[in-house]
C-alpha cells in the first residue's frame, strides 16, 4: 500500500509539475507580447485623437460615378413580392459546386474550332473546390478548400486535370471530417481537447491553428510555382502533376502577419510583395523583395536562396495604429511603389479577441465610410514616401495597372463604393441572390483611373489636410473584375486590359470584357449559360502590337445538368472573337475558379 501511495504521489507531483510548466510557459509568452501591446498599442492609443478616423469632405466624386447604375429598389421589391426572380440570368450555384475527388490523370478535351499550335504550356488555376467538410459547411466562399486546375496545351490539343491543394488545413479537416481551423468567414468546430490555456497561448503565436488554405492565386518564384493566400505562407506545387510540395512559412522567417495574394514579378526575376509588419509604434506596410540576381556578381539565386535573401525595401506607417488597412494588391512602376490604403481596416483589438474566442477574421473588418482613401507614392531608390494623395472612400481588391507619364503616375483600379461585395460572397447570400433587392448594387464596380501629379505644387484649394485631393475618371461603364493585361506592360504605359463582368443584373453576367483605355471603349464576348474566369493574355510568337496574342479563360456552364462539365476558351485578343475551345466531361463537379498563371513550356 505504501508503494502504491508513493507511486500515485509521484504521479501527482509529476502532473502538477507539467501543468505548472505549461501555465508558466503561456504566461511568459503573454508577457513578451504584452511589451509590444503596452509600449506600442497602448502608447498610440493615448494619441488616438490625433490618428483616429476623421470625416472627409463630401463630394459627388466616386459616389456620383455610381449614380443611375442601380435599378430602382422599389421596382425590385415589387418583382420580389410578385414571386419573380430578381436576377434570372445569373447562376451563383457555379461557386457552390463541390468537387468530390481529384482528377490527377489528364483527360483529353473535345476541340471545337481550332487551338493555335504555337500554344505550348499550361494554364494553371486556383480557387474554391468544396464548401463542405464531412457534414459541415463553410460560411464564405473564400474559406472553401483550395482546388488547383491545369489546362495543358500542346500541338493543338488540350488536356485537363484538377487536384486539391493538400495544405495543413486541408489535411486536418479531412482527417477530422469537420472544420478544424477557423477561416476568413467560418468559425471552426470546437475541439474538446483544447483548454483555455491553448486559446490564450494561440493569441500570441502563428501556428497550426492558423489557416494555410492558399486558394486565391498562383505565381512563379524563381523556377518554381506557388499557391498564395493572404496569410503569410506560400505553398509550392508541381505545375505538371499539381501535387502539393512544401510550405514556405513567411511568418516564421520574419515578423510579417499578412501579405497580398498578388505579388509583382520584375524583369530580372525578383519578386516584390506588400506585407503588414507589427512594430513598437504600431503596424507598418512594408514592401518586401525576393532578389533573383546578385547585383554585383550577376549570380542567379535559386528559389531557396531568394527566400533566404528576402529583405524589406520600403516601409510606411499605417495611418491608424489600431486599424491597419486591408490590402489585396499594390502597384509598382520603374521608380515607385504605390500603396492604396482604403478605409477598410482590420481592428487589432477585435482580432486579438477573435484569436482567443476562435471567431473568424471577417468580424474584425471595419469600414469607415466617411474617411478618405489614401494613395502613397514611395520611392523605389530609398524606400521613402514622397507624396500622399487623397480620394473619396472606395473599396477595391484589384489594381489593373500603373505607369509613369510625364510628371504623373497613373493608376487604374477596379473600384466599389464600399466592401459590401464581400458580404455577397457568403454561401447563404449566394444561395439567396434572387431574394436580395440590394445584391446587384452591393456588387457594383467600375474601373477608375487616378492621375497622381508627382511634381505638382498644389494651391490651398487642392489640399485636404495636407494631402492633394484626386478625383478619378471612369474607364468604361461596365463592371470589371479579375483584370489582366499583357504582362510585358506591367508598370508601363498600356492600352488594353481584360476582365470578367461583375454586373449580376446584366443581360449576360458571364461576359469577357476588353477595355481600350485610350478611347474608353469596350468589346465583349459572351455565350448564354457560359461563365468564364479571369482572362489571361498570351502573346503570339511574332507579336508586334500590345494585343497581338490570345486570351485564355477557363469556362463552366450554369445549371444542375452541367455540373460535370468544364472547358477552356481561346479568343483572338485583337478581334475579340473565339478561335477555339476545349470541352471536358469530368467525373466530379467543377466549381468556378479565381486566379491563375500561364506557365509556358510546362
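Note: Cβ is positioned from N, Cα and C throughout, glycine not excepted.
Annotations in TrEMBL come from automatic prediction, not curation.
Copied from TrEMBL, the annotated features are:
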- 262, 328, 398, 595: Fe cation binding site (BINDING)
Worksheet entry | For residue 398 (Fe cation binding site), the number of other Cβ atoms found within 10 Å of its own Cβ | 21
Practice prompt. Compute the centroid of the Cβ atoms of 262, 328, 398, 595, then list the same-chain residues not in that set whose Cβ lies within 8 Å of it, in sequence order, for the Fe cation site.
Written response: 216, 217, 260, 261, 329, 397, 399, 482
Worksheet, complete the sentence: Around the Cβ of residue 595 (Fe cation binding site), other Cβ atoms within 10 Å, all chains included, total 23
Worksheet item: Once near-sequence residues are set aside, which residues in the chain of residue 328 (Fe cation binding site), 6 or more away, have Cβ atoms under 8 Å from its Cβ?
Response: 230, 260, 261, 262, 396, 397, 398
